[in-house]
Amino acid sequence: MSSSPLSKKRRVSGPDPKPGSNCSPAQSALSEVSSVPTNGMAKNGSEADIDESLYSRQLYVLGHEAMKMLQTSSVLVSGLRGLGVEIAKNIILGGVKAVTLHDQGTTQWADLSSQFYLREEDIGKNRAEVSQPRLAELNSYVPVTAYTGPLVEDFLSSFQVVVLTNSPLEAQLRVGEFCHSRGIKLVVADTRGLFGQLFCDFGEEMVLTDSNGEQPLSAMVSMVTKDNPGVVTCLDEARHGFETGDFVSFSEVQGMIQLNGCQPMEIKVLGPYTFSICDTSNFSDYIRGGIVSQVKVPKKISFKSLPASLVEPDFVMTDFAKYSRPAQLHIGFQALHQFCALHNQPPRPRNEEDATELVGLAQAVNARSPPSVKQNSLDEDLIRKLAYVAAGDLAPINAFIGGLAAQEVMKACSGKFMPIMQWLYFDALECLPEDKEALTEEKCLPRQNRYDGQVAVFGSDFQEKLSKQKYFLVGAGAIGCELLKNFAMIGLGCGEGGEVVVTDMDTIEKSNLNRQFLFRPWDVTKLKSDTAAAAVRQMNPYIQVTSHQNRVGPDTERIYDDDFFQNLDGVANALDNIDARMYMDRRCVYYRKPLLESGTLGTKGNVQVVIPFLTESYSSSQDPPEKSIPICTLKNFPNAIEHTLQWARDEFEGLFKQPAENVNQYLTDSKFVERTLRLAGTQPLEVLEAVQRSLVLQRPQTWGDCVTWACHHWHTQYCNNIRQLLHNFPPDQLTSSGAPFWSGPKRCPHPLTFDVNNTLHLDYVMAAANLFAQTYGLTGSQDRAAVASLLQSVQVPEFTPKSGVKIHVSDQELQSANASVDDSRLEELKATLPSPDKLPGFKMYPIDFEKDDDSNFHMDFIVAASNLRAENYDISPADRHKSKLIAGKIIPAIATTTAAVVGLVCLELYKVVQGHQQLDSYKNGFLNLALPFFGFSEPLAAPRHQYYNQEWTLWDRFEVQGLQPNGEEMTLKQFLDYFKTEHKLEITMLSQGVSMLYSFFMPAAKLKERLDQPMTEIVSRVSKRKLGRHVRALVLELCCNDESGEDVEVPYVRYTIR
């Protein structure tokens, strides 16, 4: 995949949007010429520079306005241990104006447990000074400086946001009071072993521009009553999705025109398709039509200062199963600060004397607390556990709390998303051994090595076990990079016999650098897996990491074979598609290995843990399929920009990829035509017509021919086809029931007139002509003036709409029409195609769509094609940025979510390595940092099935030895008899993959032939594939009857052949 040069920037956005509007002009208005970049295409202009090629995926989360506000905010991060460096990393990647690192302490052994930018040779050096150059590499747009002096008021005054980590309560209160009085936003973050704490104070009056980050909803109106209040009814194609308290605006309403362009109005939801608005009793009568759109209205929120909030706290829940815990930990953390002040150190790990003292201090804090904080009964067991682990420093806890804290910093800078109001407490006590007696003070003593912060919590035996683990990490993108960092910090596979194997076939692109933090600008075009492996060796030189570049799937099962999987202790997925996830899930179920699964989408993230014989698998539950756009909507009746963008993507494939591929196959494969004629419906006609067009009717000889073709195609799509559609269905057409045909979701189009001086029209011709030329190996041009001159001489044929042209109104109509094919037309086409031997050496060059290269004309074509069609149908156009999101199917992403999610994954990893056996020890997690929302649940148990008295789950199977003691392989008859005698099951159908090996309705002759054949021979014959030497066993699926003839569900068969 190609990528843009690192220095290239786009100027984006424009003047401030209207108050109450959620979209910038760049989102709502068509891109126009202000500067012409290297490929001659027009772009938007603006005052603020945002490097879109770097921040692309994050911009889809935050938006341009929030991003500009980030770029004007200077942030102080105080405390550069594991938590501080995590927060600093995330906000530097995020692109704030500048970051100052503050720490007066020096590197200790325990810091290396989670501070990934400190090394053994740094012990004794200042943490901020050592970390500064390594953090500065993350983003060349963000100056990073180190400061080792005291936090005096003059110094603090120069920042918009101050972050305190691992700081004493006394310092927090002093800084908090000062920041609140000066309008400086404050985030306080702390981690203590398996516990985390977060506090936010963003001032007396903060303007929140968007509380949830979701795209504003819109719906089509079918009725508005004249009433007080008026009731709006939406078309029943889909629920409106609004909530009471939302604000909406109206457009395109016919009749009740007072609604169009009115100020945003608050609504009350009455049902899934109805809601009430203002008093409409004096408005005109509603006739038809209209679009109602949600409007994000800014609102003001207020925060208490840290001293005030300490005695009157508000909590955000992280786990509803621990409802009373935040209030208890609010007391516990205050007591812990007192203990540290008294002893100049936290309680010693697992030390009973220190734990008892902390409980006493907590009781005293509770006793003098005001009623709003005071607990009726202090959870002494919880406080004792806090004492046991408070000296610990765990990378996964720091990743989770650090991801959250960094997102809060971004909220403070931008006013985007709802902040944490105001305290958050988190714990992961389920990570402790299920055997309560397993840990002793002796086992948790510091060893003066890099894992001391972790040994303090889990003991030295567990550290040894971690070092010997063998793990397979699939993917080295954003989640993969974070997982590798955490693996290195916790010591996974870092000892003798341990190993982490990471595979990823992708190379690094510039847009990756914003969140895949192991990569640097100079790594662009290098392999991800190799680069990531080299980077984590810098973090922990002891990690045994091996990098591969293989795609996981049936094609690589000779590499990731039985031996490979049987040697593993577990698998972690870091994938970006469902198919690969489900494949790895099947492999883990087959080899009975734990699987750690996770994913992110913008500020949303999820974690799932799959444990053999205990939980369901990843594939046990699936999301409902995405709703596809009906073909007729795309072809004739679009009503949303998503429709025109999908149409443009289909155009790209149908013009610049599929015809070239078909031509090349026609020229090189003698059976191509024969194969094509066997395709269903009208496909043979469409394919052969495209080949004829490419080789005969439209084959260009010069660049001028390509410009002519592009101009003609423009007229076909944006003028002639629309005129034909309006000929079939005039604007005043009525349906059989007397209703207007062009109403509801059907928008009446109008044809466009080509104008060489219209930037968008020229954009289209430039992009289409260059891409068309590329498919023929001709040289294109980026000279807009020269192309405009060529267009003056292009003769456009006259078009007259024809009668008798069938235009399908529904997909059902289209499908029934597709059933009939004109055979005489097919014969005519075959006769007119030139013989391949008359075109020696000729080939075409199919183009694969690549969204991230701004110089290749791909997105230029998509934007122009989509926006011209949008103009046909009076649909609001989309700028390049939004078009790329939708047409490129980009997954919005931000470093903060990835860090937090991977922190949760690695907490589950602690449990997996220890071998936790209780289902309620594990936690599947879901979070949305924008809301903020956190939800945890124990994984679902594997569903249980039964035949006879035998219970089984997806983890069970029949083990059948194919090779008999005499060295001969089992025949099909022996296999069927084996199940009858051993399991009292009569097999009615038997399959391997998609190959049917046996069925009760099989023809007698075929059955007789197969019964005496060895099983592997039947598999090879039916599948027409030879079994590879790496295949030691086959997976066979059965349909069975029990002795009473009833159909019973049974496990699969693992049939061993070597």
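Numbers run from 1 along the shown chain.
Just so you know, glycine gets a Cβ as well, placed from its N, Cα and C.
Taken verbatim from Swiss-Prot:
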type	residues	note
REGION	1-46	region 'Disordered'
MOD_RES	Ser2	N-acetylserine
MOD_RES	Ser4	phosphoserine
MOD_RES	Ser13	phosphoserine
MOD_RES	Ser21	phosphoserine
COMPBIAS	21-38	compositional bias 'Polar residues'
MOD_RES	Ser46	phosphoserine
MOD_RES	Tyr55	phosphotyrosine
REGION	63-611	region '2 approximate repeats'
REPEAT	63-199	repeat '1-1'
REPEAT	459-611	repeat '1-2'
MOD_RES	Lys528	N6-succinyllysine
ACT_SITE	Cys632	active site, glycyl thioester intermediate
MOD_RES	Thr800	phosphothreonine
MOD_RES	Ser810	phosphoserine
MOD_RES	Ser820	phosphoserine
MOD_RES	Ser835	phosphoserine
MOD_RES	Lys980	N6-acetyllysine
Inter-residue Cα distance where the pair is Lys980 (N6-acetyllysine) and Ser835 (phosphoserine), in Å: 60
Residues in the repeat '1-1' (63-199) grouped by DSSP into helix, strand and remaining coil: 56 helix, 34 strand, 47 coil
Shortest C-alpha distance to Lys528 (N6-succinyllysine) - which of the recorded positions Tyr55, Cys632, Thr800, Ser810, Lys980: Tyr55
From Tyr55, Thr800, Ser810, Lys980: modified residues whose CA lies within 10 A of Cys632 (active site, glycyl thioester intermediate): Ser810
Between Thr800 (phosphothreonine) and Ser810 (phosphoserine): CA-CA distance (Å): 25
DSSP state at Ser835 (phosphoserine), helix/strand/coil: coil
Conformational class of the residue listed as 'phosphothreonine' under the three-state DSSP mapping: coil
Site with most surrounding Cβ atoms, counting all protein chains shown within 10 Å, from the modified residues Lys528, Lys980: Lys528
Secondary structure of Ser810 (phosphoserine) (DSSP, helix/strand/coil): coil
DSSP-derived structure type at Lys980 (N6-acetyllysine), helix or strand or else coil: helix
Rounded inter-Cα distance in Å - Tyr55 (phosphotyrosine), Lys980 (N6-acetyllysine): 63
Lys980 (N6-acetyllysine) and Thr800 (phosphothreonine), Cα-Cα, nearest whole angstrom: 74
Averaged pLDDT, computed only over the residues in the region '2 approximate repeats' (63-611): 96
Cβ neighbours of the residue listed as 'phosphotyrosine' where a neighbour is any other Cβ within 10 Å: 27
Count of other CB atoms lying within 10 Å of the CB belonging to Ser810 (phosphoserine): 13
